[in-house]
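Database features (Swiss-Prot):
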{"type": "SIGNAL", "residues": "1-20", "note": "signal peptide"}
{"type": "REPEAT", "residues": "34-85", "note": "repeat 'FU 1'"}
{"type": "DOMAIN", "residues": "147-207", "note": "domain 'TSP type-1'"}
{"type": "CARBOHYD", "residues": "Trp153", "note": "C-linked glycosylation site"}
{"type": "CARBOHYD", "residues": "Trp156", "note": "C-linked glycosylation site"}
Amino acid sequence: MRLGLCVVALVLSWTHLTISSRGIKGKRQRRISAEGSQACAKGCELCSEVNGCLKCSPKLFILLERNDIRQVGVCLPSCPPGYFDARNPDMNKCIKCKIEHCEACFSHNFCTKCKEGLYLHKGRCYPACPEGSSAANGTMECSSPAQCEMSEWSPWGPCSKKQQLCGFRRGSEERTRRVLHAPVGDHAACSDTKETRRCTVRRVPCPEGQKRRKGGQGRRENANRNLARKESKEAGAGSRRRKGQQQQQQQGTVGPLTSAGPA
């Protein structure tokens, strides 16, 4: 009799423990499920009770908002002002612009739109356009004056010396750039550009005809110089002769003084 009562007591105790454990397990599952449904907002695939959304749907962007000392993830269809969208195969993100006073940016260090009242110049925001630039067409974007549009450098020309291509070893060669387009109303600001450098070539004798022409030209130049010297000397001698003649004439006209009296 006692043995039967003990068996019944053990069976009842085991049944009670089983029911209790099932109830606790069911309560835990319901609590986790409830917390998950409250933390994950629409468009969020993975979330945390502490940090909000951890992963958004493929077409949405995740933005980390600061809440006291925590960062909470939020899923958005587009990034707010001051952020730019960074698309990634894993997850699209909104990244804050690092440029001061920037409202929209292309990357973290290149602004595309400044806050109201500020001027945009080369991806930065300024209270006024920097020196050498001005706002274009009433906008808030600064631009530098139009530059001269030049052609590419031409190939280097032949090595020459005094317009000769022979009879020397060291000479010079040059190349040029031409104006393709000048700023409107300021054509004087642009001009063709020439660049010269020294060159060394193997000495090539000049053809006989060119030598004779060169020699004849040299003789003519020497003859002209000699003629000029001769004319200069003759002019100097003539000037001295004329001066001597004038002095003699002056001495001949001056005679002794005589006094006039009654005969």
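The chain as shown is numbered from 1 upward.
Just so you know, glycine gets a Cβ as well, placed from its N, Cα and C.
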Residues near Trp156 (C-linked glycosylation site) in space but at least six apart in sequence (CB under 8 A): Glu173, Glu174, Arg175, Arg197
CB contacts for Trp153 (C-linked glycosylation site) [other CB atoms within 10 A, all chains]: 12
Overall pLDDT of the domain 'TSP type-1' (147-207), taken as the mean: 81
Summary of DSSP states over the repeat 'FU 1' (34-85), given as helix, strand and coil counts: 6 helix, 27 strand, 19 coil
Secondary structure content, the domain 'TSP type-1' (147-207) (per DSSP, counts of residues): 3 helix, 24 strand, 34 coil
